[in-house]
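Pulled from Swiss-Prot:
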type	residues	note
REGION	1-50	region 'Disordered'
COMPBIAS	1-46	compositional bias 'Low complexity'
TOPO_DOM	1-58	topological domain 'Cytoplasmic'
TRANSMEM	59-80	transmembrane segment
TOPO_DOM	81-88	topological domain 'Extracellular'
TRANSMEM	89-112	transmembrane segment
TOPO_DOM	113-130	topological domain 'Cytoplasmic'
TRANSMEM	131-153	transmembrane segment
TOPO_DOM	154-163	topological domain 'Extracellular'
TRANSMEM	164-188	transmembrane segment
TOPO_DOM	189-196	topological domain 'Cytoplasmic'
TRANSMEM	197-223	transmembrane segment
TOPO_DOM	224-264	topological domain 'Extracellular'
TRANSMEM	265-290	transmembrane segment
TOPO_DOM	291-311	topological domain 'Cytoplasmic'
TRANSMEM	312-334	transmembrane segment
TOPO_DOM	335-344	topological domain 'Extracellular'
TRANSMEM	345-370	transmembrane segment
TOPO_DOM	371-388	topological domain 'Cytoplasmic'
TRANSMEM	389-413	transmembrane segment
TOPO_DOM	414-423	topological domain 'Extracellular'
TRANSMEM	424-444	transmembrane segment
TOPO_DOM	445-544	topological domain 'Cytoplasmic'
REGION	499-525	region 'Disordered'
COMPBIAS	506-518	compositional bias 'Basic and acidic residues'
TRANSMEM	545-563	transmembrane segment
TOPO_DOM	564-581	topological domain 'Extracellular'
TRANSMEM	582-605	transmembrane segment
TOPO_DOM	606-612	topological domain 'Cytoplasmic'
Amino acid sequence: MLEGLGSPASPRAAASASVAGSSGPAACSPPSSSAPRSPESPAPRRGGVRASVPQKLAEMLSSQYGLIVFVAGLLLLLAWAVHAAGVSKSDLLCFLTALMLLQLLWMLWYVGRSSAHRRLFRLKDTHAGAGWLRGSITLFAVITVILGCLKIGYFIGFSECLSATEGVFPVTHSVHTLLQVYFLWGHAKDIIQSFKTLERFGVIHSVFTNLLLWANGVLNESKHQLNEHKERLITLGFGNITTVLDDHTPQCNCTPPTLCTAISHGIYYLYPFNIEYQILASTMLYVLWKNIGRKVDSHQHQKMQFKSDGVMVGAVLGLTVLAATIAVVVVYLIHIGRSKTKSESALIMFYLYAITLLMLMGAAGLAGIRIYRIDEKSLDESKNPARKLDSDLLVGTASGSWLISWGSILAILCAEGHPRYTWYNLPYSILAIVEKYIQNLFIFESIHREPEKLSEDIQTLRVVTVCNGNTMPLASSCPKSGGVARDVAPQGKDMPPAANGNVCMRESHDKEEEKQEESSWGGSPSPVRLPRFLQGNAKRKVLRNIAAFLFLCNISLWIPPAFGCRPEYDNGLEEIVFGFEPWIIVVNLAMPFSIFYRMHAAASLFEVYCKI
């Protein structure tokens, strides 16, 4: 018996091979382990291991190079922020300009080489660089270019006392932004298989260049917010806990004073969009770096489609929240710092609004998680760098908000005096922690669900179709050889004949497994039936309404901190407990991650909406 299985001349093995080669997914070939391995078969595996060693070294060396550049840039940013001796703003801008020019040279070389070999087949990661993602980065890039134009106008107005680097930097940044968006539109999905070592260094250099530009934008925006906070505290009579205003205004007169003042204020209103652009570009480039030399499977990602039908409830509620958020932010910015009474009323208004919104978001997230858990659909565990990065970013950036919230909770518990508005801060801080936890679970459940097409393919693979060539085949892929059917068919009574001589057999299951499978697929014996989750139109509409509502809510919660509505600065309790400078450092470090979390969560929820 063993010799018969291992013999290549066995008629049963030959028949199985012909069925496997012709029937495709409708037939199952015998396990490959039944055939003896050639003595030379382990050799390619050893060669593959040896070949992968240089690539692992290149990945490690390129990542270390990127970290060195990033750490050097952060130290330069820190030195300029604390006014270190011998470090000026011109030094910082020269360093960032040099990094951008080097990235521009690499992108031009890559685009030129890709254009010269455009007729060659290139592997693509269908999960990376989605259309809505590229559209978002294009919008942020346009605003970043407008920001660069304002900076050029600011330089022209103060050209008498500003160095030339402050004019060269915005020009270089604008050109860098335009070319980078073009590069990401055309090559974000690439899986690079040639010049891999060189490309690793080029891509990782681009990643950390964008991260340094992001850090530079965060630092400038934080300095501006801190100065406004100090001015409000001085107005309210808390000048004893403040330090000297960190003013970087040039020591000369602008040619049109009114225009220069408008430009300087407009610059800081555009910084949030520039910050989002830089971090979004760095994440897309990081996925490109992880995909270098990657071997992709044959499964293609199902293309997501945006459909607006059936989400009226979620969209209306979300747009209502968005309008209410804009109104709250406007009232908050008008009243805060005017007087002690107006500041307290503005804080109470914000806390009540945020508590209500966070409770609604938490309830919506719990409802979505409950629907997924009842559904009991299998998860997609395939390796996906883009999806893994999304999950890591959600957890990592949420930690910034959690740090601020835990600091507020400790300050409330440890403070000696408690103004009335602090008791609204306590439930707000607790809900901020819980809501992000629930929302992350909902997003993880959604993005790891198998798409509809994959589930059908899995069911199809469970059906083995064997056709008799004497009659019309059951499927176009069935072989037309009667001998094959006779050799493959088992000699027993377990396989009932089908009409027209076709024989369709399913995998053998015991009775318990059949009952479980029938109950999980709605009790229908049909092997090709959609999951219960996708059969229920009502459940799908509920999930899409939840995703749409959470998407608009996250956009709404991104607006207040991005445009200066930051109660962590203004309530004053944390500054009294922890000290002014320690608490300001904590807020300035954690706030950028908290702001980015909302935008990234909104992007993930948009993907969830399109996937449902």
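Cβ coordinates come from backbone N, Cα and C, glycine included.
Fair warning: this is a prediction, and the values are worked out from it, not measured in the lab.
Contact counts against the transmembrane segment (389-413), taken as Cβ pairs under 8 Å, peak for 265-290 among the stretches 89-112, 197-223, 265-290. Beyond the ends of the transmembrane segment (59-80), by six or more residues, the same chain brings 87-89, 91-92, 95-96, 99, 197, 200-201, 203-205, 207-209, 211-212, 215-216, 219, 289, 292 to within a C-beta distance below 8 angstroms of the stretch. Each residue of the topological domain 'Extracellular' (564-581) gets a DSSP state, and the totals for helix, strand and coil are 12 helix, 0 strand, 6 coil. In the predicted model, residues of the topological domain 'Extracellular' (414-423) average a pLDDT of 81. The transmembrane segment (89-112) shares more Cβ pairs under 8 Å with 164-188 than with any other stretch in the list 131-153, 164-188, 197-223, 582-605.
Helix, strand and coil residue tallies for the topological domain 'Extracellular' (154-163), in that order: 4 helix, 0 strand, 6 coil [DSSP].
Away from its own ends, the topological domain 'Extracellular' (81-88) comes close to residues 163, 219, 223 of its chain (Cβ-Cβ under 8 Å, at least six residues beyond either end).
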